[in-house]
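Quick notes on the structure that follows.
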Amino acid sequence: MYFSKSRLRGVVSTQPSTVFFTLRPAAVQQFSASARLKASRGAMFRKAVNNHTAPAKPPLQPNASRANTNSFSASQPTAPIVGAKRKLDMTNSGQSDLGSLHSAVYFEADDFDSDPDLDFEIQHPLPQSQNIIPTSTNPGPGSTSGPTISTNISKVNTVSAYLVQDEIKYPDLPKLEDRHREPAAPPSSAPIPWSSSPPSHHLPPPPPPKKRTIPWQTSESKTDIKNPITPAAQRTTSKKVDLPWNKTASAMKDEQKELRKISKKKLASADDHQKRKPRERVASLFLSDEQKGVLDAVVEKEKSIFFTGSAGTGKSVLMREIIKKLRDKYRRDPDRIAVTASTGLAACNIEGVTLHSFAGIGLGKEPAAELVKKVRKNQKARNRWSRTKVLVVDEVSMVDGDLFDKLEEIARRIRNNGRPFGGIQLVVTGDFFQLPPVPETSTREAKFAFDAATWCTSIQHTILLTHVFRQKDPTFAEMLNEMRLGKISPQTIEAFRSLSRPLDFHDSLEATELFPTRAEVENANAARMRTLSGDVMTFNAIDSGSILDKTHRERLLSNCMAPPTIHLKKGAQVMLIKNMEDTLVNGSVGRVVAFMDESTFDHYRTNEDDFTGDGKEGSDDDSKARKKLRALAHGKEGGVTTGRKWPLVCFVQPDGTERHLLCQPESWKIELPNGEIQAMRTQVPLILAWALSIHKAQGQTLPRVKVDLGKVFEKGQAYVALSRATSQAGLQVSRFDPKKVMVHPKVIGFYSNLTSINAVIKDRSYGGINGGNKRQKLNEDAADDQFSKYMSV
Ligand SMILES: Nc1ncnc2c1ncn2[C@@H]1O[C@H](COP(=O)(O)OP(=O)(O)OP(=O)(O)O)[C@@H](O)[C@H]1O
Ligand SMILES: [Mg+2]
């Protein structure tokens, strides 16, 4: 073994006359032989030391920094004081394993002169060239080319007074051989990062051969296999019997089988728990007559329908009801219904897949013939096309017209059926006045689905829903309708301009600000979070599903309303993104008031009156209630804080009353018609709600909304943003400009040809809901009537 110069460089003091070392104890034993060699060649040893030059830091610095990154900062003095400074750092650093190895063993070069053991020459087992690395061949970063020791002294003076004493008092150390016997010294086999010894030298000596232990021969190991997560198992993991190489292949297989069983059981019990969890979900709404008419046409008459209507006419509510009824109808063959949407977000909202995913066409940019070949090669996609009887498409306004034609051709050819869409019944909804399709290339203008060559033959009936549920105030509904059609009267412009004032509410909820881009949303929410004091609670989603490729799965789930991670603080404004109860639905906005576990919440719920104040900020009642809630959240109010803590959110309902909900994780699925869950995310059903993107807001109903129209840039954006609001009192609009309300002329043309289902129902002469060919006649007769009704202002 050798005592390399690089080691010396790291520890040599800056006193030229009195050299001291900080030796890694592991090196002490190694040092014995080499020191003897060197001491016997005293001159050579001193030369080695004197030749040692200042920049001692480089060889050790990385190790020191690794050992305790906190104790080193960039601003700390560097090379010149390294010997001294590092010694102090390392010996003081309790956390550093390097530091502990450095437990301050000091000695002077002269120590060895008086050591009788050093007075004999030993024959080193290895040739010298292998043991002492010559300076020339191993200059290292701190070799002779660096600053000299004297340079170091002057700099060290400023750092450590005791280093400049003429004579330094070193601790009285036991003799070297005594030190060898110190029980505290780590074994010499402890690996030293810069040692050039081969790893095998650090290995402990091989144990004497033992009788082989086979797992099934010990009762302990049997228990371990049955219950690998018991403490016993954990304890035994360090025993030799549990080491994988001590098991036979069949024993390993048995163990894996047991583990699989256990994890299956766990999953099943988690599932059971989910199922058993009492959940008062949203009760079915009473559908209006027009909604019922559509439902009947789809489920009973099995017609291919496109139902549309302005924002808030209950298209989504109706679509959910249709899906429910269809699933019930085809409960024996659930894969007969394909639930899809134009975008990932819309698909996630109805627990379906994107049209692209369903079709198995990738991006779908190739010509139809190639896509047909592609689908034919993909057995799963082929099966989906063949099995589907009803194809549901939500948010059709964002489906490209060319894509619609391609899908129609694929359906016909894969199903070998010449009827439109190969005989598949289409149930399509959306509002073309809202967000348009994203064009395939920037050079070509967006083509709407109704512009597809096969739209008219594929859709038997187009139905217009006219009753607006979202806005109860007919004046406001009419203002929004004008905006939708892009024909805004001067009075309406004035009315919108008057909404630039700040909202006037007396509770703690603020308006949700809608932005066109995601970056603006993230900045706005992050800025608001920073203003809150208190601890950040982080909730990470659990993702699963049949798609094992992580990137692919993440891409699918990136469209999910639930984020992969959400950071919350007490006081954060949040939006519920799942329908929970009648009044707590997707879009409800509230504020996080505490984080608590389920049992504490149960206690809170049963004594709710104690925890609700009069709502007036600063009042006695309110502060008492807050105190109680705080105490409860900290487990001081009788609640047993046993489990994981979840956000407790106080939602303000439309009638002004408050509801508290403990927001525990919910699941969002991306599910193929055959029931295969491609991807699933489980996360607390909340997102930050000071700000939201217009894209994510599409489809939402929001009680308080703030929009800066100066920022919108896309057709339909202004209408989507403003039509989220339920009332004028809950809407703040800045920079309202009628020019920002852009409507595509093709969309106006398309809607001018529609009539409402009410008109059809009223006038039986049309024979109820009309067939595809009759529709044109109906449209011709009723279009002027209807359009003049909607364009009346
Ligand atoms: N039959 C109904 N009875 C009572 N409320 C209803 C009914 N249908 C819908 N609503 C309510 O009207 C609001 C808007 O409904 P929904 O979101 O389905 O409209 P939409 O047409 O899909 O709107 P958008 O085009 O903005 O997505 C929701 O708050 C919903 O609960
Ligand atoms: Mg909707």
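Just so you know, glycine gets a Cβ as well, placed from its N, Cα and C.
Those TrEMBL annotations? Automatic predictions, nothing curated.
What TrEMBL annotates here:
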type     : residues                                                       : note
DNA_BIND : 717-736                                                        : DNA-binding region
BINDING  : GLY309, SER310, ALA311, GLY312, THR313, GLY314, LYS315, SER316 : ATP binding site
COMPBIAS : 191-200                                                        : compositional bias 'Low complexity'
COMPBIAS : 252-261                                                        : compositional bias 'Basic and acidic residues'
COMPBIAS : 606-624                                                        : compositional bias 'Basic and acidic residues'
DOMAIN   : 301-465                                                        : domain 'AAA+ ATPase'
REGION   : 52-80                                                          : region 'Disordered'
REGION   : 126-151                                                        : region 'Disordered'
REGION   : 177-279                                                        : region 'Disordered'
REGION   : 606-625                                                        : region 'Disordered'
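Excluding GLY309, SER310, ALA311, GLY312, THR313, GLY314, LYS315, SER316 themselves, the residues of that chain whose CB lies within 8 A of the CB mean position for the ATP site are, in sequence, ASP431, LEU465, VAL468, PHE469, ARG470. Taking a C-beta cut-off of under 8 angstroms and a sequence separation of 6 or more, THR313 (ATP binding site) has the following same-chain neighbours: LEU465, THR466, HIS467, VAL468, PHE469. Under DSSP, ALA311 (ATP binding site) is assigned to coil, being neither helix nor strand in the three-state scheme. For ligand 2, the neighbouring binding-site residues among SER310, THR313, GLY314, LYS315, SER316 are LYS315, SER316, by Cβ distance under 6 Å. A helical conformation is recorded for SER316 (ATP binding site) in the three-state DSSP classification. There are 22 other Cβ atoms within 10 Å of the Cβ belonging to GLY312 (ATP binding site). Cβ neighbour count within 10 Å across all protein chains ranks SER310 highest among the binding-site residues SER310, SER316. Each of the binding-site residues GLY309, GLY314 was ranked by the number of other C-beta atoms within 10 Å, and first place falls to GLY309.
Sequence-distant contacts of ALA311 (ATP binding site), defined as residues of its own chain at least six apart whose C-beta falls under 8 angstroms from its C-beta, comprise ASP431, GLN434, VAL468, ARG470, LEU480, ARG484, TYR719, VAL720, SER723, ARG724.
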